[in-house]
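What TrEMBL says about this protein:
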- Glu26: active site, proton donor (ACT_SITE)
- Lys160: active site, nucleophile (ACT_SITE)
- Lys87, Val107, Ser141, Ala142, Asp143: substrate binding site (BINDING)
- Asp139: Mn(2+) binding site (BINDING)
Amino acid sequence: MTNFHISFGTEVADALRDGRPVVALESTIVSHGLPRPDNLLVARQIEQAVRDAGAVPATIGMIAGELIVGLDDAQLTRLATTDGVAKLSVRDLAVAAATGADGATTVAATSAVAASAGIGVFATGGLGGVHREAAQTFDESADLVTLARTPITVVCAGVKSILDVGATLERLETLGVGVVGYRTRRFPGFYLTDGGFDLDWSVESPEQVADVLIARERQGGHHGGLVVAHPLPADEQLDPALHDRTLADGLARLARDGVTGKAVTPFLLAHFHSATEGASLAVNVRIILRNADLAARIAVAAVTRRVAV
Ligand code: PSU
Ligand code: MN
């Protein structure tokens with residue numbers, strides 16, 4: 001049963017029918033989060049990382065108004081290389097479908113569609129969150145409120161340090177979204193290993209995440225999303241001094257250029273990629289590939305445990 005009209009890639013449809021592990025992947029990082037031409041290559045590498053760890057990748061996006069779970073290579077190429085691909089949050093999905101748009105799904109939209117399609121694990125880079133200045137602008141990503149009502153496990157490297165990390169953690173708490181560190185009690189800051197805040201819980205293995213998922217299921221239907229925060233090892237993070245300089249400069253440009261709304265996140269990411277001459281891009285790619293690998297191992301463990309219990 002699905003709430004959206006969804007078309008499935010053949011491989012994903014087969015895997016879901018057979019109860020094999022599947023990992024959802026978003027397309028906004030491909031169309032809006034990473035520069036061309038790397039974006040398409042990285043999109044394929046992410047899928048390969050999921051496969052290498054034993055699961056089937058289901059990259060989600062919209063082609064000519066059709067919501068697709070498991071884009072094929074031609075469709076992925078179209079979203080990665082065409083101008084005018086819309087950035088779709090949950091609220092955009094119906095209008096985009098009705099108008100026949102091409103669109104890439106954010107964490108929020110990907111989570112909603114994946115859960116609706118029966119996929120329980122999702123890998124991304126960093127979650128959207130509360131923007132700095134949100135007290136004035138009210139700019140808080142719909143990723144947060146969507147996770148409050150969507151039963152899915154999102155593997156991410158925390159939230160980007162371009163956001164207000166502390167406020168984001170507070171909102172996740174209010175919204176009832178579970179947050180566990182993967183082998184850490186510190187919430188990661190995406191480019192940075194340590195985002196500066198403590199976590200209440202940590203898990204040690206994919207099997208332990210699977211145990212959490214089984215417990216949630218047995219406790220009934222009141223659970224929404226679960227964030228598995230997976231930091232980069234400290235020796236792989238972006239140089240913190242370079243990070244701080246780039247962020248200060250990016251925020252100043254944001255204010256100067258009057259960038260607002262859904263353009264904020266892509267603007268700051270693009271600024272990082274150009275200002276660090278690719279260093280942040282390399283870090284960004286590492287984050288996503290590591291998260292894809294961990295998400296796949298969680299999906300495998302969840303399938304194995306469920307058969308075992
Ligand atoms: N993290 C990344 N790159 C991205 C995003 C997150 O490393 O491109 C995208 C995700 O799709 C996320 C979105 O859902 O940015 C958040 O945008 P906004 O702040 O407008 O909600
Ligand atoms: Mn926003």
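Glycine residues also receive a Cβ, built from the backbone N, Cα and C atoms like all the rest.
Annotations in TrEMBL come from automatic prediction, not curation.
These figures come from a predicted structure and were not determined experimentally.
Location within the structure of each feature annotated in TrEMBL.
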{"residue": "Glu26", "record": "active site, proton donor", "CB count, 10 Å": "28"}
{"residue": "Lys87", "record": "substrate binding site", "CB count, 10 Å": "19"}
{"residue": "Val107", "record": "substrate binding site", "CB count, 10 Å": "28"}
{"residue": "Asp139", "record": "Mn(2+) binding site", "CB count, 10 Å": "20"}
{"residue": "Ser141", "record": "substrate binding site", "CB count, 10 Å": "25"}
{"residue": "Ala142", "record": "substrate binding site", "CB count, 10 Å": "18"}
{"residue": "Asp143", "record": "substrate binding site", "CB count, 10 Å": "29"}
{"residue": "Lys160", "record": "active site, nucleophile", "CB count, 10 Å": "26"}
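Secondary structure at Ala142 (substrate binding site), as computed by DSSP, is helix. Across the structure, Val107 (substrate binding site) and the residue listed as 'active site, nucleophile' place their CA atoms 13 angstrom apart. Candidate recorded positions: Glu26, Val107, Asp139, Ala142, Asp143. Those with a Cβ under 6 Å from ligand 2, in sequence order, are Asp139. Selection of the binding-site residues Lys87, Val107, Asp139, Asp143 by a Cβ distance under 6 Å from ligand 1 yields, in sequence order, Val107, Asp143.
Within 8 Å of the Cβ centroid of the substrate site, not counting the listed residues Lys87, Val107, Ser141, Ala142, Asp143, the chain contributes Thr28, Ser89, Thr106, Ala108, Ala109, Gly128, Thr146. Checked against Lys87 (substrate binding site), the recorded positions Glu26, Asp139, Lys160 differ in C-alpha distance, with Glu26 being the nearest.
Candidate recorded positions: Asp139, Ser141, Ala142, Asp143, Lys160. Nearest to Glu26 (active site, proton donor) by Cα distance: Asp143. When the Cα positions of Lys87, Val107, Ser141, Ala142, Asp143 are compared pair by pair, the longest gap among these substrate-binding residues is 13 Å.
If you take the Cα of Ala142 (substrate binding site) and the Cα of Lys160 (active site, nucleophile), they are about 15 angstrom apart, rounded to a whole number.
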